[in-house]
Amino acid sequence: MINSKTKLLGLIGHPVEHSLSPTMHNEAIKDKDLNYVYLAFDVESENLKDVVNGAKAIGWKGFNITIPHKIEIMKYLDKIDNDAKLIGAVNTVKIENNKAIGYNTDGIGARLSIEEIIGEVKDYNILVIGAGGSSRAVCCELAKNNNLTIINRTVEKAEIIANDLSNKLNNAVYYGGLNHNYNMANFDIIINTTSLGMYPNVDNKPPISMQNIKKDAVVMDLIYNPKETLFLKEAKEKGCATINGLGMLIYQGAKSFEIWTGVKPDINIMKNAIIDIL
């Protein structure tokens, strides 16, 4: 029940009307019997600074940041977590002692989603398709303990991420273009971070051949609408374990929830809340 002691959490983005986050977080709040509420706010870029200052002034506990504000928000924060600095984007802000502190939980969300299937993600050969914002978050997390190759239509974008991570993590990260004929048997985990195959363009997929993919490979697509992309269907036909983007969405949200409240939410509660409305 909302009262004068209810703590405020939220989502800042533009647009936000189709977001699954309020449903997911409010179910987790209800399950843990916490006096919080999570709301979505459609905010234009020119109002971001005012939102951060206002959130501190009225005592918000924190908020998520989504498209298109994940980079711009950084200039208005008092402190930024090291992983978020490496990624170059923030998706979670905690308000503490009148300070706005930025985090990025996207990469952690991807890793935990994969670990549901195979356990600890360490010492694997991983192929990441795409070099956008989501790719950077995933790569920053997975490059710490794995052998990473990033491929992208514009090779220079993949090169930038690979060089950044190689320099900052002291771990070689490889890169290439989409027109190369890659031996898929070399990879244990393959992740599509592009929008190819997302609704309504469900007949699209990354131009990657599954011909000699390992049967015990794990194939992940960050897309969750549709729940099974053409990319995942082809991988499943080859005997691979497949993961859509729902797990990443849930786990990144769960990590944000824990950062704000100090409480670990029930993953299944969050998952069922989303499945019920999809």
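Positions of Cβ are set from backbone N, Cα and C atoms, glycine also.
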Exercise. According to Swiss-Prot, Ser19, Leu20, Ser21, Thr66, Asp106, Tyr224 bind shikimate; which one of Asn35, Asn53, Asn91 is listed for that same site?
Worked result: Asn91
Exercise. In Swiss-Prot, the NADP(+) site includes Gly130, Ala131, Gly132, Gly133, Ser134, Asn152, Arg153, Thr154, Val155, Glu156, Lys157, Gly245. Which of Leu112, Leu196, Leu222, Leu278 does it also list there?
Worked result: Leu222
Problem set entry | Most Cβ neighbours inside 10 Å, all chains, among the recorded positions Lys70, Arg153, Lys157 | Lys70
Exercise. Near Thr66 (shikimate binding site), which residues of its own chain have a C-beta under 8 A away, given they sit six or more steps off in sequence?
Worked result: Leu11, Ile12, Gly13, Val16, Ser19, Ser21, Asn91
Seminar exercise, completed: recorded positions Leu20, Lys70, Asp106, Tyr224 vs Gly245 (NADP(+) binding site), shortest C-alpha separation belongs to Tyr224
Problem set entry | Binding residues Ser19, Leu20, Ser21, Thr66, Asn91, Asp106, Tyr224 (shikimate) - maximum C-alpha distance in whole Å | 19
Problem set entry | Chain-internal residues, separated by at least six, CB under 8 A from Tyr224 (shikimate binding site) | Asn244, Gly245, Leu246, Leu249, Leu278
